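First the structure, in the form of structure tokens, and then the observations on it.
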Amino acid sequence: MSKPTDLQHDLERSLPAIASISTSFSQSQGFSPYCYFSPEKRKAISDVRRTFCLFVTFDLLFISLLWIIELNTKDGIQKNLENEIIKYNFKTSFFDIFVLAFFRFFVLLLAYAIVKLRHWWVIAVTTLVSSAFLIVKVILSELLTKGAFGYLLPIVSFVIAWLETWFLDFKVLTQEAEEERWYLAAQAVASRSPLLYPRALSEGQFYSPPESFAGSDNESDEEGTGRNALTAQEKEYVRQGKEAMEVVDQILAQEENWKFEKNNASDFGDVVYTFEIPFHGKTFILKAFLQCSAETVYQEVILQPEKMILWNRTVAACQILQRVEDNTIVSYDVAAGAAGGVISPRDFVNVRRIERRRDRYISSGMSTTHSLKPPLSKYVRGENGPGGFIVLKCPSNPRVCTFIWILNTDLK
């Protein structure tokens, strides 16, 4: 088997594929591919809102620093403070610009950090007041005769006020609206029964045959009769497919034993686990929440493996070599090289078994051999242990699903 670090690197190179699936399907259904917050991990204040509050604080501190520098002249800070505050003169004092910065700081933090408003009207008021006051002050005052600070303080105050408006309107409110939609969808998922059943479901209870694979036509009765009389090699393919399916079911039934490895993002997003399988070694499991229906993923990803090159950038080619029967196919995949050629391209011949069940769709598979694709000198022939794709339905919200990718690969 390959080193675990190599296999983990290979899986991590495939992580963007999940985002690609989510993005593609979300756009087609009017969703946005933002990351998923689980209900128990939802924060009291979002990261982007906290960043906005820090920027508002920076506004006050920066204006204060510039004002203090302006006060620290040969006359001394104390005397200049008396002239600026006690003997305040609208035309010559910078004190009102500091007060304006404090006004923005107090009002914006009150509205967006304490009250946690989700509307732009408060910052619209602060920006309007700041802009109007600064324009009037520049026109009527004599600040421009006081050197560089006469230009610097009004300009900095004006620019920061508008940057705060842009950040709130285009970053904070927009992203939080999307995150709210994700949170509501996540609540629907969390309110259902456990994601994976304690033990594998009976194939006889919930199995139904899949639709025909993309690109295949309805065969004649003669061809159907021929398929029933499977050759010894075809029976072996069916056996291998069922074996892979049994292992996948066992992995799903032991979710509590999966070992957490990493998140694709700090508190949310794709999650990577590992699991030790007897006789097969370390297996990597990628679990992601998608804002698209399970049926869509089933039709686009599972039933059409040739499309893998469109959403998985680590795959250079994928073709179906043989359709054994309604549930079983043999496919050929080529994994692109990486690291500027340090990792050479690999190819794989896999048998895949597809099943539809009441609560999920499963495509399981493992490496096999096929006469049409013997090992080639330009590729390193890799081997896949039991693994595949699982798409879990959400009964309470058919427009979302959970995607699980089980990967056990020997890169050779």
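Yeah, the Cβs are placed from backbone N, Cα and C, and that goes for glycine too.
It should be emphasised that the depicted structure is a prediction, and the values quoted were computed from it without experimental measurement.
Taken from TrEMBL, the feature domain 'MENTAL' covers 45-216.
If you look up TrEMBL, you'll see 48-69 (among others) marked as transmembrane segment. Tertiary neighbourhood of the transmembrane segment (48-69): same-chain residues 77, 94-95, 97-98, 101-102, 104-105, 108-109, 112-113, 116, 149, 152-153, 156-157, 160-161, 163-164, 167-168, 171-172, 175-176, selected by CB-CB distance under 8 Å and a gap of 6+ residues from either end.
Long-range contacts of the transmembrane segment (94-114) within its own chain (CB-CB distance under 8 A, at least 6 residues past either end) are made by residues 45, 49, 52-53, 56-57, 59-60, 63-64, 67, 70, 84-85, 88, 122-123, 125-126, 129-130, 133-134, 137, 143, 149, 153-154, 157, 161, 164, 168, 172. Under the heading transmembrane segment, TrEMBL lists 94-114 (among others).
Long-range contacts of the transmembrane segment (120-140) within the same chain, counting only residues at least 6 positions beyond its ends with a Cβ under 8 Å from a Cβ of the stretch, are 90-91, 96-97, 100, 103-104, 107-108, 111-112, 154, 157-158, 161-162, 164-165, 168-169, 173. Feature annotation from TrEMBL assigns transmembrane segment to 120-140 (among others).
The annotation transmembrane segment is assigned in TrEMBL to 147-168 (among others).
Per TrEMBL, the feature region 'Disordered' maps to 211-230.
For the domain 'START' (242-412), the mean pLDDT of the prediction comes to 87. As annotated by TrEMBL, domain 'START' applies to 242-412.
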